[in-house]
């Protein structure tokens, strides 16, 4: 029997056992041991029940310990309780059996029962303490786990690598970086050889506490071929904003022997989405199919990756093939359409989501509000506002509040934007930027600058988007001095390298004010090549002040840089027409047509009825 069991042939071992005329206690003990060592936990529990018919009067703590471990692995609380009754009835349980009971109840969620048994044990060893600590940490009582660890040390019991791994996990859940680092130092000081569990816990702690560098140093130092540690490092890079490092680690040849799981794949797909790396993302999709990893978390990540890489059709195909669509799936596909300019289709999908009785969350409302803003569908935006108020989204969710504020700002109702801003409990840079931009669009420079000062007082540094809004406001109000002060502050005080948008604002500011020579000098002195929008801003100023000479120079320079763009032909034609040089204007139009260049007409989008989204078929009442 032992020979068959040692080679994993427990069926043959059981066959031999069944052929015994009168099985004794020892043969039963051998059989139950080999069942457990071959991970046949159900068979352990079943065999123990039949074993008691053969040798009912025999008591053995080793057998009790094995069966308790099997019940723990199966999370079979009912059988565990039955065995507990047998142990109490028989009596004489040793510390191993009692520790097994502590572990079984703790891992089954019965933490109070586990603690009662733990307190009754007089001679607690490190395994007993560790079982109780692990139980607390896994049942969401991380602080109690730390308290128990301190009590364990007061009792002069030194923790092992499993104890410390659980304590590090507790520190991770609580965000206690310094305490976790102390545990790391404690392990080094005591000479505890770290196993995979402890290293994985430490890497995960450093990652989730934002200390990516230390996590990688530890990861490289021990280099344990462990899926959990590898995945933790990849997830850490992705969430910390280092997608390139995440992908480098994923494709590292040293880790080819380790097969990824669903968490690994979803994380690297998110990195591909951030880098718009469609080629690698498609390869990972194929790998997932090959490995049979079709979990919902992977499907949602694939959907998001294809959407962010501009493959709308592939994203929608992924969405349609999902058997079970959760709110994350709906959020992903709606956001894909909204962020790619398909706002009308995004709202149609939102309506379908509501008809499928899937409850929207804050992420959904951000996508709906963004789509409404892009379409100018103000009625839909108002309905989204009402729904968000009902669910408490915009007061508690900074992204919803910012999207709502942006909706009102783009509609020109900056007073409503300010009300939303003042009611928000939390504000991000994007929130401040949206309101500053709203005031800027109305030319309200005073309120824009006041908001900037208030933002700085809150120790928030303005970003490039905020300066774009401020410079745009100065441009519309003709505040040249203030505009230059802001531009210089942005460059020198905050170290922001001016983008094309900033240069466009400055050229527009000077061109509108009639300082066209200065604007033209700025264009020529720029460290980057000017784009079409900058020339258009300059030409707008030339048109206002009838400086057709400078306009002509700008258009011909623009023609040199953008030969295959129809814009400069249209602008030159309009310039000739404004000077009543009709023949030259007509020649420009003919030349444009001869070169196969087309001026695309503007388009409009039908208004989407909010009743279709929020009020049809009693959706509000069931929300």
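Backbone N, Cα and C define each Cβ position, glycine as well.
Unlike curated records, TrEMBL annotations are generated automatically.
These figures come from a predicted structure and were not determined experimentally.
Annotation comment: TrEMBL describes 125-155, 226-260, 326-360, 428-462, 463-498 as repeat 'PPR'.
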Mean of pLDDT values spanning the repeat 'PPR' (463-498): 89
Close approaches to the repeat 'PPR' (226-260) from elsewhere in its chain (Cβ under 8 angstroms; 6 or more beyond its ends): 196, 199-200, 203-204, 206-208, 210, 212, 215-216, 219, 267-268, 270-272, 274-275, 277, 280, 287, 291, 293
Helix-strand-coil residue split for the repeat 'PPR' (326-360), DSSP-based: 26 helix, 0 strand, 9 coil
Helix, strand and coil counts within the repeat 'PPR' (463-498) (DSSP): 28 helix, 0 strand, 8 coil
